Number of protein chains: 2
Amino acid sequence: MEQSLDLNEIRAQITETDQQLLKLFAKRRSLTLNVAKSKAHQVRPVRDQQREQELLIRLIKQGKELGLDAHYVTSVFQTIIEDSVLNQQAYLQTLTNPNLQLPMVSVAFLGNKGSYSYLASHRYFSRRAEKIIESGCQSFADIMQQVEAGHVDYGMLPIENTSSGSINEVYDLLQHTNLAIVGEITQPIEHCLLTAVNTRLDNIKTIYAHGQPFTQCSNFLDKQHDIRIEYCDSTADAMAKVYELQDETVAVIGSEEGGHLYQLHALEKSIANQDENHSRFILVARKPVDVAEQIPAKTTFILATGQKPGALVECLLVLKEKGINMCKLESRPIQGRPWEEMFYIDVEANLKSAAMQEAIGELTELTKFIKVLGCYPIEHISPTSVPAAEI
Amino acid sequence: MEQSLDLNEIRAQITETDQQLLKLFAKRRSLTLNVAKSKAHQVRPVRDQQREQELLIRLIKQGKELGLDAHYVTSVFQTIIEDSVLNQQAYLQTLTNPNLQLPMVSVAFLGNKGSYSYLASHRYFSRRAEKIIESGCQSFADIMQQVEAGHVDYGMLPIENTSSGSINEVYDLLQHTNLAIVGEITQPIEHCLLTAVNTRLDNIKTIYAHGQPFTQCSNFLDKQHDIRIEYCDSTADAMAKVYELQDETVAVIGSEEGGHLYQLHALEKSIANQDENHSRFILVARKPVDVAEQIPAKTTFILATGQKPGALVECLLVLKEKGINMCKLESRPIQGRPWEEMFYIDVEANLKSAAMQEAIGELTELTKFIKVLGCYPIEHISPTSVPAAEI
């Protein structure tokens, strides 16, 4: 009895410590926002990796004196630094694009509450808007139309997945739209087998899911016998269906986080072929955004070269000569013109930069068709590395 | 001028905040260690995911009032909780195995300072020992011999990689050793192209590396023209070679963290075929360890069934009937006996548990040969999930 009282006392102290931690996180965030404000009129980049590294090395040394190991200090401060960088970038973006500072945004995404697109939308806007008006759609084309027609501000579209590759349907839709890409976000995809009632894996006879999760969990599914597969338009639809059935013989493939919304529980976790699985989403809007010069930017454009041999290589040489790094190249057939290809190119460059303006000029002369789909902040913040010797 | 003074003032305040954060992290860690001490005489598991989830939900609500977004609060507290769980587990392990509480350990690993095995060894022991005596080896067999002969306490061996699969040589060595597996750790593998001097990718004519990184970066390497490939015994050897040459035409594939030790810099980052790449390492020692009951445990054993059809299925049915989850099954040929296979099995169970003892008993009757390689704490702490509705 006395021991359990002790435990309550310790837990009260942990709760107290957590409150203090939260307050310090909030204080640190407002301090780094002040740093961003002082940098607003300079063209210095938000990140100074040299400074970050020195900071981490100092913290590791001080942490050791307090009995904290280097790996813990590194990993917790990498998260704190990432938050600080993303927050400074979001602030600088609202200075460059005053119309982005909205308390409320409306977003169209695939499926319903709980889909991976829903989770990505909420994560993207969590530091950018106070309230999100959700608009679940049944297809990628619907999402585009919702934005084009002005029914919503933004559309969230998955564009590629580390395990199953590019999502061709979205690439094809981008060929025929006037919408601009204004942002990106990478969402971890953690497939679980979820059920509405307590059951066992041997009892499952039917699995509901979207086509992508099926492909990504093929090894797990191959090992199950006598299972019927029901394709759904989205993960959320599949979840709603399984919730409705309340049947111990049915399950759905989806995220645990999303499944909570349908009172589903994980029967099996991590059932994907690859342990680590991420989807990159793009955010589209009717108007393009400018990216503040202090922020790393990505520009996406499409081009068609015609059937001249070596034409693509010439285009890539232009980028190389301007010192512009290409981070993605994807080709898609042009509808109605067999053997002709449209190339989708992502580069790490700000559209406003002199190098990029010159490159676009030269590419226009080399190609039959070229269109910039958008320029937007790079969302991925690579963690500051620390020399192994310091650890 | 006035602005830059302001910036210095803000930075001083950030430094002050970071000091306070460090102290609170250390305080929280010692409080959670007290929780572990109060649990030491109970058989309750260290983790209480229900409690963790409630904690996170409360912190998210409080964070929102302070202007912190839910994703930041979740991710920073997931790191804090992970540290707390690993620390409590390490404490309970030293109670169960008093001989583990050493201020100094010696470890044999592949290669030299900076190899992935070196990084894994340091990370594993960072919360378990005050000082590590390093013993770099030229082969996996050397590592085994160093431990068998008593020259070092432990051997760190990579056993599988998310991208290139199982490391057969290590599996084969495990067949013929009396060493026990006493731990595991998963190390992120982040391949970069590193150079000793400032240079450009077009200048590189020779790339040094270990065979594994070559396989894992094949897409990147295929795109480079006229490059000569030099195989080395380990990543560290390759780094030392490139440092020695100080030549703008040579590069090495390795981690940025390890490369710092050889004053190498990353020319290209993330050059692996798969973005996310991890290796699982096992730790071997002369004596097995016991795993405290409060900690999730893994047991690894090998068995040979002879050529009776269906014999393996019968073995797997034994595990299933005892409710023991198998997390890995790997088969390897038995040397000198063509068509006979040795099976390597990892299960999520404590060797001391009744279910596992019964299973081993029944398996002994079903098989020609069975040997337990070890029972050890599961190192992977799955992050506490939060219902999407709370975010």
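Cβ atoms here come from the backbone N, Cα and C positions, even for glycine.
TrEMBL has this to say about the protein:
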BINDING   A:R11, A:R28, A:K39, A:D48, A:E52, A:S84, A:Q88  substrate binding site
DOMAIN    A:1-92  domain 'Chorismate mutase'
DOMAIN    A:106-286  domain 'Prephenate dehydratase'
DOMAIN    A:300-377  domain 'ACT'
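Each of the binding-site residues A:R11, A:R28, A:K39 was scored by how many other Cβ atoms lie within 10 Å of its Cβ, and the smallest score goes to A:R11. Pairwise Cα distances among A:R11, A:R28, A:K39, A:D48, A:E52, A:S84, A:Q88, which the record gives as the binders of substrate, peak at 42 Å. The Cβ of A:D48 has fewer other Cβ atoms within 10 Å than any other of the binding-site residues A:D48, A:E52. In the predicted model, residues of the domain 'Chorismate mutase' (A:1-92) average a pLDDT of 86.
In sequence order, A:R28 are the binding-site residues among A:R28, A:D48, A:E52, A:S84, A:Q88 whose C-beta falls under 8 Å from a C-beta of chain B. Using a 10 Å Cβ-Cβ cutoff, A:Q88 (substrate binding site) registers 24 neighbours. Annotation note: A:D48 (substrate binding site) sits in a coil segment as assigned by DSSP.
Per DSSP, the secondary structure of the domain 'ACT' (A:300-377) breaks down as 24 helix, 34 strand, 20 coil. Within the same chain, residues at least 6 positions away in sequence whose Cβ sits under 8 Å from that of A:S84 (substrate binding site) are A:R28, A:R29, A:T32.
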